[in-house]
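Peer 1: So that we are looking at the same thing, I have put the structure below in structure tokens.
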């Protein structure tokens with residue numbers, strides 16, 4: 001998707017490079033109007049103004065610039081949670097219930113404290129999903145520290161950085177990993193839950 005944006009940006013740059021800052025705004029607006037009114041014409045502009053031909057790009061480019069012919073890459077976005085054995089905690093009540101299960105010993109658990117803006121969290125999130133599949137008897141809770149009512153409760157746990165992972169077994173906290181240390185995370189999971 002990023003590649004398509006760079007192509008569109010180059011085409012638009014070529015299209016409007018002849019315009020100067022002294023050009024009246026009406027000329028600029030009439031130059032842009034066809035793109036705004038007919039966004040699907042962008043693929044024809046790309047075909048005329050680049051090394052690509054219409055047959056190379058074809059119908060795979062549409063207004064949202066999705067191109068399904070590109071190879072899939074590992075996403076750097078934090079997983080949404082809820083699938084793959086990771087439980088997304090959305091409220092203070094859900095967090096308290098999950099923590100109660102972990103502390104009464106009925107459920108071995110991992111609490112993954114994260115934030116949407118956190119780069120290392122996005123890096124380690126696929127590893128956590130993989131480990132939750134590898135250890136299906138361990139419940140992994142994903143907790144966004146910026147989520148509405150959860151922040152007050154989390155502040156009592158002294159979470160000073162994200163990602164932070166707390167590991168519970170037998171009713172008590174057995175370990176903690178702060179940061180995106182994949183080796184330490186995998187070793188601690190194996191040590192506690194194998």
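The backbone N, Cα and C atoms fix where each Cβ goes, and this holds for glycine too.
Swiss-Prot lists 118, 121 with the feature active site, nucleophile, giving similarity to another entry as the kind of evidence. Annotated disulfide bond per Swiss-Prot: 118-121, in sequence order. Per Swiss-Prot, the feature domain 'Thioredoxin' maps to 89-194; the stated evidence is sequence analysis. Among the features that Swiss-Prot reports, phosphoserine is placed at 75. The site 'Contributes to redox potential value' annotation in Swiss-Prot covers 119, 120 and is backed by similarity to another entry. Under the heading transit peptide, Swiss-Prot lists 1-42.
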Peer 1: Would you mind ranking the recorded sites 119, 120 by how many other Cβ atoms sit within 10 Å of each Cβ and giving me the lowest?
Peer 2: 119
Peer 1: Could you give me three numbers for the domain 'Thioredoxin' (89-194), the DSSP helix, strand and coil residue counts?
Peer 2: 46 helix, 26 strand, 34 coil
Peer 1: Say we define neighbours as other CB atoms within 10 Å of the CB. Which of the active-site residues 118, 121 has the fewest?
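Peer 2: Each of the active-site residues 118, 121 was scored by Cβ atoms within 10 Å; lowest is 118.
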Peer 1: Quick one: average pLDDT across the domain 'Thioredoxin' (89-194), no decimals.
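Peer 2: Across the domain 'Thioredoxin' (89-194), the average pLDDT comes out at 94.
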